[in-house]
Amino acid sequence: MAFPFLEAVIGFMISLYFFETYLDLRQHAAHKLPTLPKTLEGVISQEKFEKSRAYSLDKSRFHFVHEFVTILMDSAILFFRVLPWFWKRSADFVALAGLNAENEIWHTLAFLGGVMIWSQITDLPFSLYSTFVVEARHGFNKQTIWLFFRDMIKGICLTVILGPPIVSAIIVIVQKGGDYLAIYLWAFMFVLSLVMMTLYPVLIAPLFNKFIPLPEGELRQKIEKLASSLKFPLKKLFVVDGSTRSSHSNAYMYGFFKNKRIVLYDTLIQQCKNDEEIVAVIAHELGHWKLNHTLYSFIAVQILTFLQFGGYTLVRNSSSLFQSFGFDTQPVIIGLIIFQHTIIPIQHIVSFALNLVSRSFEFQADAFAKKLGYSSALRAGLVKLQEENLSAMNTDPWYSAYHYSHPPLVERLAAIDKPHKKAD
């Protein structure tokens, strides 16, 4: 008797949903707490706390509904064999278009096109509600309905342009990869990731936001001085118009080798009136670079990607696996989809482990900024970001450990305030 892969996958999906819902309920209860954590008393204003509490509870309620509908649809699609049915219907569409339905590339593109349309339709109500109700209610949404749909259309166009050649290449590699399939797939994805990291900030990101050089002034001089002192090869310093869509704030850096760039959200500059607070945030980000966190994360992703492709090569010819999901053929894209479903347990364990590493990196980057003399400014900057973004003030430890890639503010402030131990 063949192993019931489909039933096992659905069973784990539902079990995971109940587990994560239990964690969500714990976090929801934490959001309801009427007082600040003792560490934040006198640090966060009562007004900001009440606003943060209301925002967190609104997002939490929305999350419960969204996750329930998602698990219901995903389970139904698998249980009622919607995927194999739609795979066969997509072949009919290819034939109707006058193309060769036996060609796996055409068949796959038609299938993925239908999946994309379905995803857009089912996700649209939730995206609209999240943006124009939840985010707008708490003063974060700044975009118009026209800008929302313009971004969505641009995203679809990019998918239509970039998706077919990538999918076609993967199919050809799998069909001709032989014993070295895992290596070929990994090499292709490695090159693709480098290309996308190079092109995205230069060609794709400007389609959605405006990037202008940070004007000359004290803030620019301080950031350039800091970068120079650390030998960070800063080539360009931008401000991005994040305020056209949201009042949330952030900063990030990107670029290869000697061509590094730093991007500040205009909302960050507006919210942090003190330049030192912004520079301290940048010092934290530069800490990630100086301590090679970005490199380590990239290497970890490459190793995990290779292991996933290695696992895929072991099961891609398993006819019983495809039959369990309702397929009588073994298309490449379906094999990848099924494989991703079967390794969900491993993916969540790996995600939890990566979160632990990421949290450790955040503490190290904070400590790096502290050693540079930005302890007070970093502390003030983190508090300001927490306040202005209305981030959750009270967090459940189980929920935080499972979901958060960044430590809660309470833990970060405690680490910053901890006296530095000098070597004997």
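Every residue, even glycine, has its Cβ placed from backbone N, Cα and C.
Please treat TrEMBL annotations as automatic predictions, because they have not gone through curation.
These features come from TrEMBL:
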{"type": "TRANSMEM", "residues": "6-23", "note": "transmembrane segment"}
{"type": "DOMAIN", "residues": "30-210", "note": "domain 'CAAX prenyl protease 1 N-terminal'"}
{"type": "TRANSMEM", "residues": "68-87", "note": "transmembrane segment"}
{"type": "TRANSMEM", "residues": "107-134", "note": "transmembrane segment"}
{"type": "TRANSMEM", "residues": "155-175", "note": "transmembrane segment"}
{"type": "TRANSMEM", "residues": "181-203", "note": "transmembrane segment"}
{"type": "DOMAIN", "residues": "213-418", "note": "domain 'Peptidase M48'"}
{"type": "ACT_SITE", "residues": "E285", "note": "active site"}
Under 8 Å Cβ-Cβ from the transmembrane segment (181-203), and at least six residues away from its ends along the same chain, one finds 166, 169-170, 173-174, 254-256, 261, 302, 305-306, 309-310, 312-313
Given the transmembrane segment (107-134), which of the listed stretches 6-23, 68-87, 155-175 has the most Cβ pairs that are under 8 Å apart from it? 155-175
Same-chain residues at least 6 beyond the ends of the transmembrane segment (68-87) whose Cβ lies under 8 Å from its Cβ atoms: 6, 9-10, 13-14, 17, 107, 111, 114-115, 122, 126, 325-328, 331, 334, 337, 341
Under an 8 Å Cβ to Cβ limit, what residues of the same chain, 6 or more beyond the ends of the transmembrane segment (155-175), are close to it? 104-105, 108-109, 112, 116, 120, 181, 184-185, 188, 192, 204, 207, 316, 332-333, 335-336
